[in-house]
Structure formats: structure tokens, C-alpha cells
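Following: one structure in C-alpha cells, then a few remarks.
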């Protein structure tokens with residue numbers, strides 16, 4: 001009984017143990033691998049806390065969500081994108097989508113897909129809000145005399161030039177599924193399941209940060225987009241609604257990009 005109580009007491013402070021271990025390993029990494037201390041400590045702490053508090057399903061979904069883009073980047077910059085590369089990409093893509101959906105269903109963080117989770121009016125309102133914040137950021141860009149684009153968008157435009165349009169379009173549209181599953185559902189239903197305010201703030205900032213903002217304009221662009229999508233999920237807790245709004249917005253951007261091209 002004593003040992004059980006002692007272990008239970010120790011479990012309350014597992015975060016302290018994780019952070020201490022992360023700092024120790026980071027110090028070793030600096031001396032052996034010459035890695036940046038603070039970034040290494042932060043990454044190890046986050047990963048350690050995820051496992052310590054049994055949140056590893058989020059980490060799995062996060063890794064899966066990055067596989068298609070990782071494959072595309074490797075193929076595009078190592079050599080000319082071949083037919084075999086395209087086939088491999090779509091195999092990875094399908095496995096990623098299917099695996100992510102099945103993992104999320106098994107973890108019971110999203111319901112089984114059904115038409116009732118696709119309310120047309122709410123989807124239209126969500127899209128309209130994204131369109132509105134896009135106009136606002138465009139006006140802001142004119143006020144500060146800046147080109148209405150971001151480094152992340154420039155990188156995507158460059159990638160578009162060297163990969164097949166089918167691959168680029170698939171990646172763009174799939175972001176609606178993968179990013180909402182990781183940055184909205186994963187944060188609200190796994191990482192901070194019982195802390196809605198922490199969940200909201202984390203989802204808001206993490207989504208914006210992962211899009212690589214480099215200045216005030218890009219932070220505003222992705223921050224406001226994240227605010228709309230995070231607010232939508234916080235209010236309705238409907239993954240399929242968020243996915244639809246995000247996918248529709250990306251489809252709109254894709255069509256505009258193809259027309260301008």
C-alpha cells in the first residue's frame with residue numbers, strides 16, 4: 001500500500017521529472033551533437049510530457065500529418081519529380097489519411113462520418129469569415145506598404161513549380177483534414193481535454209506558428225485564420241465542420257492560384 005501511495009504521489013510531479021531529464025539530455029546534446037540547448041530542451045520536454053500524460057496519440061497524428069509534405073519535398077529537391085514519385089506520394093497520402101482517420105476513431109476523438117456533421121449554413125458562414133479576415137489582412141498590407149504574401153506562401157508557390165499539379169492540389173486540399181485533426185481536434189480532445197482555455201490558446205498559436213510566420217503581416221494572416229477556425233471548433237466541437245471550412249478555403253486559394261498562373 002505504501003509503495004502504491006508513493007507512486008501515486010510521485011505521478012503528480014512527473015512533469016518535474018520530465019523537465020529535469022529533458023534539461024540533462026539537452027546539456028549532453030550540446031556537448032556531443034552541438035544542438036541548440038533551449039530548442040532541444042523545449043522539444044524533449046514537450047515530447048516527454050506528451051508520453052508522461054498519455055497523450056501520444058496526438059504525436060502520432062502530428063507525425064502522420066507531415067509525411068505527405070516530407071515525401072514531396074524530398075522528391076522535388078533531390079531530382080525531377082517522376083511518375084514513380086507520384087505513385088509513391090499517393091500511396092503515402094492514402095495511408096496517411098486512412099491511418100489518421102482510424103487512429104482518431106479508435107481514440108474516440110471524432111465521431112463516425114455522417115451527413116449531419118456537414119451543416120451547409122455553418123460551412124458557408126465559416127468560409128465567409130475566412131474571406132473577411134483575408135480582406136482585412138490585405139488592407140493591412142496596403143497600409144504598411146507590404147506585398148500581401150507570406151514566406152510560407154512563397155515557398156508553396158516555388159514547390160508548385162516543380163511538382164505535378166495533382167500532387168500539389170491533393171496536398172493543399174488534404175490540409176483541411178490533417179491540420180484540423182492535429183491542431184484543433186488533437187489539442188482540444190487529447191492534449192488539453194479538460195482545459196478549454198489552454199486548448200483554445202494553444203490551438204490558436206500552434207496553427208499560426210506551424211505556418212512559418214516571419215513578420216507582423218504573416219502572423220496576422222495566419223493568426224486571424226487560426227482564430228476563425230479555432231473559434232469554430234471551440235463553439236461546435238465538430239471536426240467535419242472545421243474540415244469542410246478549411247478545405248473549401250484551400251480550394252478557393254488553389255483555384256485562384258491556378259487561374260493567375
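Every residue gets a Cβ built from N, Cα and C, even glycine.
Copied over from Swiss-Prot:
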TRANSMEM  15-35  transmembrane segment
TRANSMEM  43-63  transmembrane segment
TRANSMEM  84-104  transmembrane segment
TRANSMEM  123-143  transmembrane segment
TRANSMEM  197-217  transmembrane segment
TRANSMEM  239-259  transmembrane segment
Note: vs the transmembrane segment (197-217), the recorded stretch with the largest number of Cβ pairs under 8 Å from 15-35, 84-104, 123-143, 239-259 is 123-143
If you count CB pairs under 8 A between the transmembrane segment (123-143) and each of 15-35, 84-104, 239-259, the winner is 239-259
Give residue numbers and ranges for long-range contacts of the transmembrane segment (84-104): same chain, 6 or more residues beyond its ends, CB-CB under 8 A.
57, 60-61, 64-65, 67-68, 71-72, 75, 110, 164, 166-167, 170-171, 174, 177-178, 181, 185, 239
